[in-house]
Amino acid sequence: MATPVVTKTAWKLQEIVAHASNVSSLVLGKASGRLLATGGDDCRVNLWSINKPNCIMSLTGHTSPVESVRLNTPEELIVAGSQSGSIRVWDLEAAKILRTLMGHKANICSLDFHPYGEFVASGSQDTNIKLWDIRRKGCVFRYKGHSQAVRCLRFSPDGKWLASAADDHTVKLWDLTAGKMMSEFPGHTGPVNVVEFHPNEYLLASGSSDRTIRFWDLEKFQVVSCIEGEPGPVRSVLFNPDGCCLFSGCQDSLRVYGWEPERCFDVVLVSWGKVADLAVCNDQLIGVAFSQSNVSSYVVDLTRVTRTGTVAQDPVRDSRPPAQQPAHPSAPLRRIYERPSTACSKPQRVKQNSESERRSPSSEDDRDERESRAEIQNAEEYNEIFQPKNSISRTPPRKSEPFPAPPEDDMVSAKEAAKTNPAMDPQFPVPNAEPTIIPATRNEPIGLKASDFLPAVKLPQQAELVDEDAMSQIRKGHDTMCVVLTSRHKNLDTVRAVWTTGDIKTSVDSAVAINDLSVVVDLLNIVNQKASLWKLDLCTTVLPQIEKLLQSKYESYVQTGCTSLKLILQRFLPLITDILAAPPSVGVDISREERLHKCRFCYKQLKSISGLVKSKSGLSGRHGSAFRELHLLMASLD
């Protein structure tokens with residue numbers, strides 16, 4: 001009998017705290033699959049190298065949250081659009097702003113660089129699409145036709161067309177040479193989130209919130225196939241570089257599709273959540289997702305993924321007979337993109353005269369240069385990726401090795417693993433260790449065996465299980481649970497009776513006096529929903545309880561404590577530090593002395609909690625992400 005092996009196709013590579021506040025947009029560099037740019041509510045654009053913990057460069061200048069970012073193909077320029085409608089273009093090699101483009105009247109929802117020209121396309125919530133000439137700092141064309149926000153823009157590989165997707169459930173194709181719409185592709189029943197051109201053929205793919213992916217023939221302007229059955233809204237799609245298949249990023253999986261006919265080649269389980277962007281490099285697919293202030297990256301080994309041939313078991317059904325199916329989904333049924341000649345009437349490509357001219361802003365840009373700056377956070381990685389650039393083109397970083405799989409992904413047998421780890425040997429007794437953190441969502445209650453409620457497996461000499469025995473097993477622990485819930489209900493009634501009088505502080509004091517953290521958690525979950533309920537008096541009572549919650553083994557308790565602590569830091573930390581730093585008052589001021597005493601108590605508690613937060617900030621997953629965010633907020637205490 002063959003010895004079983006342990007393999008894994010997809011794994012989580014890294015999780016970082018990308019911004020001090022929520023991340024609102026991100027993009028991967030498609031050329032390298034190694035460069036990541038993020039935009040946040042802190043009005044910054046940060047650049048990262050995948051699988052490196054430190055930020056390479058931070059770009060400032062926007063005065064409102066950055067809602068869209070995009071890198072050009074050589075990964076030398078980055079463009080970012082903000083909530084106010086302004087667009088800024090930075091030169092990453094010169095580490096300075098290149099242009100500021102103004103003209104949209106609402107949020108910038110989508111951006112894209114022309115594949116080889118000095119042009120940028122922008123889509124906004126004002127329903128307009130604009131084509132900008134970066135060198136001349138002006139709008140070349142304005143395209144109107146959508147009735148709602150434009151969520152995605154993509155240039156065709158030959159640079160002649162621009163595809164747009166919007167919340168009005170439509171996809172539109174624009175002719176850049178004529179400056180008008182060529183065709184409109186209806187059919188989706190929900191907002192269209194993403195469009196992608198085939199790298200070779202005249203083919204366009206669109207993904208929507210209606211959980212469908214549609215393929216459009218750009219010669220006949222008609223639908224080729226429609227894939228239904230996605231487990232959630234389609235937020236990211238990517239054609240394989242050779243065009244053989246389409247990758248679709250779903251909530252918990254990666255799906256590989258063919259389109260003529262529509263079929264699913266493979267399904268890979270990846271728990272990346274709401275994946276935001278995909279890239280392929282070194283036969284690995286890199287996926288990135290963001291949640292609040294955290295960004296996570298994932299790797300899928302494409303050598304273990306079926307991209308052609310055998311159809312995987314999937315809800316997507318092929319209704320065509322086998323004789324009509326082509327041998328390869330990427331058979332050249334349509335024309336191939338060709339780069340247009342210089343005689344084409346497309347917007348003229350501006351010639352670059354010199355390096356210094358490209359990097360030297362005009363006198364009109366002096367103010368933008370003063371307000372916008374590039375802060376190089378990691379000089380060593382910046383020099384490795386962006387310098388020098390003279391005669392040799394580069395795609396960051398120069399290292400082209402694939403990301404290594406985690407240790408448990410090695411092809412090792414269970415027998416060999418038992419030699420190095422005695423705990424894996426079936427003859428070695430393993431104690432049942434208590435989990436350090438009990439997750440908030442789990443499949444079964446802690447301490448309760450699901451097997452007790454399942455029919456017992458009949459053995460040859462096993463007696464028939466009578467009804468009385470079955471009922472006794474089902475009712476095991478029932479009385480104890482009833483006592484616990486009754487006591488908790490009584491305690492909550494006591495707290496609620498005080499709450500109805502309008503005295504929030506006294507109700508929290510009564511919950512603390514009961515000495516039951518579950519009651520404190522229930523009460524804080526209510527208080528956390530309304531920030532106006534928080535007062536300095538309340539902080540003095542809650543902070544000692546928060547310290548206990550942060551040390552709890554229950555994840556739900558820890559998350560509640562983190563939420564309360566975050567509210568206290570955001571609302572009261574500046575006040576506490578200002579009062580403590582203020583000079584002593586002249587005369588007797590009883591209210592000021594009381595406030596000073598409360599601030600000293602809160603500051604002492606926060607200092608005590610800061611050490612605990614710092615020690616837990618290195619944890620992984622959602623549990624560690626909350627502590628890392630708190631650690632940033634408490635930096636002023638050090």
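Cβ from N, Cα, C; glycine included.
What TrEMBL records for 321-332 is compositional bias 'Low complexity'.
Per TrEMBL, the feature compositional bias 'Polar residues' maps to 342-351.
Summarising the annotation, TrEMBL assigns compositional bias 'Basic and acidic residues' to 352-374.
Summarising the annotation, TrEMBL assigns domain 'Katanin p80 subunit C-terminal' to 476-634.
Marked as region 'Disordered' by TrEMBL: 310-413.
Residues or ranges marked as repeat 'WD' in TrEMBL: 16-58 (among others). Packing against the repeat 'WD' (16-58) from elsewhere in the chain are residues 64-71, 73-75, 78, 80, 82, 90, 92, 95, 276-282, 284, 286, 288, 290-297, 374-378, 381-382, 385, 395-397, 399, 403, 625, 628-629, 632-633: each is 6 or more residues past its ends and has a CB under 8 Å from a CB in it.
Annotated repeat 'WD' per TrEMBL: 59-100 (among others), in sequence order. For the repeat 'WD' (59-100), the DSSP-based tally of helix, strand and coil residues reads 0 helix, 24 strand, 18 coil.
The repeat 'WD' annotation in TrEMBL covers 101-142 (among others). Mapped onto DSSP helix, strand and coil, the repeat 'WD' (101-142) counts 0 helix, 23 strand, 19 coil.
A Cβ distance under 8 Å defines the sequence-distant neighbours of the repeat 'WD' (143-184), meaning residues of its chain 6+ beyond its ends; these are 106-107, 109-117, 121-125, 127-131, 190-197, 199-200, 204, 206, 208, 214, 216, 218, 221, 337-340, 344-347. Positions annotated as repeat 'WD' by TrEMBL: 143-184 (among others).
Under the heading repeat 'WD', TrEMBL lists 185-226 (among others). Predicted-model confidence for the repeat 'WD' (185-226) is 91, expressed as mean pLDDT.
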**Message:** With Cβ-Cβ distances below 8 Å as the criterion, list the same-chain residues six or more beyond the ends of the repeat 'WD' (185-226) that contact it, or say none.
**Reply:** 148, 151-152, 154-157, 161, 163-173, 232-239, 241-243, 246, 248, 257, 259-262, 330, 332-337
**Request:** Please spell out the DSSP helix, strand and coil residue counts for the repeat 'WD' (185-226).
**Result:** 0 helix, 25 strand, 17 coil
